[in-house]
């Protein structure tokens, strides 16, 4: 049997994702379990985290397991990922050894590695995550690289809870770009587009100009999901028409890919669109829609205080659900035949 990882949700069937969400809902009602008893996970962070680290550490503990946090370049050796490299620079270990050694110690490996924001053609290859999956003898979990599949499931669960059903078909879903003073990763936007179309919703990607449309890979995933799950997909640059009648508004900021690695000329363009902030006027156009965001969020930059403090904001519910869906993911991966068997 081939080893199953959790690198992105497109690799999992809809039935498998539904099973994870069902299990996550059960974990939400019953916090403690023994699914990871005697098992461990290495959480490898190349970038900072609050929710991801906290929820994975606590999730492993609540299921009877143990988490070890590693930060290469800080409390662990810097890692080389290119084959054939003469390692006479800053890196001390090659991923071929790192992943295999960790796999002898632990039962799961989580990886968080953001793009370097220099060359999108390289960053979109997701080298760090794919290298861990290539060499690791145990399942690897994407804790956010160029997608954020754990956030996807937390978001989906929050929507199912709010609407009181697992069937989200027919809901109008707006994924809106919002302003941020810095160009940010497209990971959460890629993932939101993916899961919303996977759930069969009518999805509108709202962004200022065509330069802010997401990478074609994720647009293609979304189009494929529309065919398989129903729903629809459109791109809009018109704020009012996009918000009109929306059931869900999901906000995220990201840098324009044509300027990737050359951000200076992108900034004055981005600065023109600060009015994309999610505010009461825009939310009033919706169908009493819910608002959410992956967090962290800069108040009164991405969304106003009034929107964040509204009873229609489910961002905190979504953040809580990170704990529950990640427990479901860890439990499912650790249950594979041979995982945890050191004999």
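Heads up, the Cβ atoms here are built off N, Cα and C, so glycines get one too.
In this view, residue 295 (N(2)-acetyl-L-ornithine binding site) is surrounded by 14 other Cβ atoms within 10 Å of its Cβ, with every protein chain counted. According to Swiss-Prot, the feature carbamoyl phosphate binding site maps to 49, 50, 51, 52, 77, 112, 148, 149, 150, 151, 294, 295, 322.
Residues annotated as N(2)-acetyl-L-ornithine binding site in Swiss-Prot: 144, 252, 295. In the three-state DSSP classification, residue 295 (N(2)-acetyl-L-ornithine binding site) falls within coil.
Other Cβ atoms within 10 Å of the Cβ of residue 302 (N6-carboxylysine), summed over all protein chains shown, number 22. Positions annotated as N6-carboxylysine by Swiss-Prot, on the basis of similarity to another entry: 302.
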Residue from 144, 252, 302 whose C-alpha is spatially nearest that of residue 294 (carbamoyl phosphate binding site), among the recorded positions: 252
Check: same-chain CB within 8 A of N(2)-acetyl-L-ornithine site center, minus 144, 252, 295: 148, 151, 187, 188, 293, 294, 296
Residue 322 (carbamoyl phosphate binding site) - helix vs strand vs coil (DSSP): helix
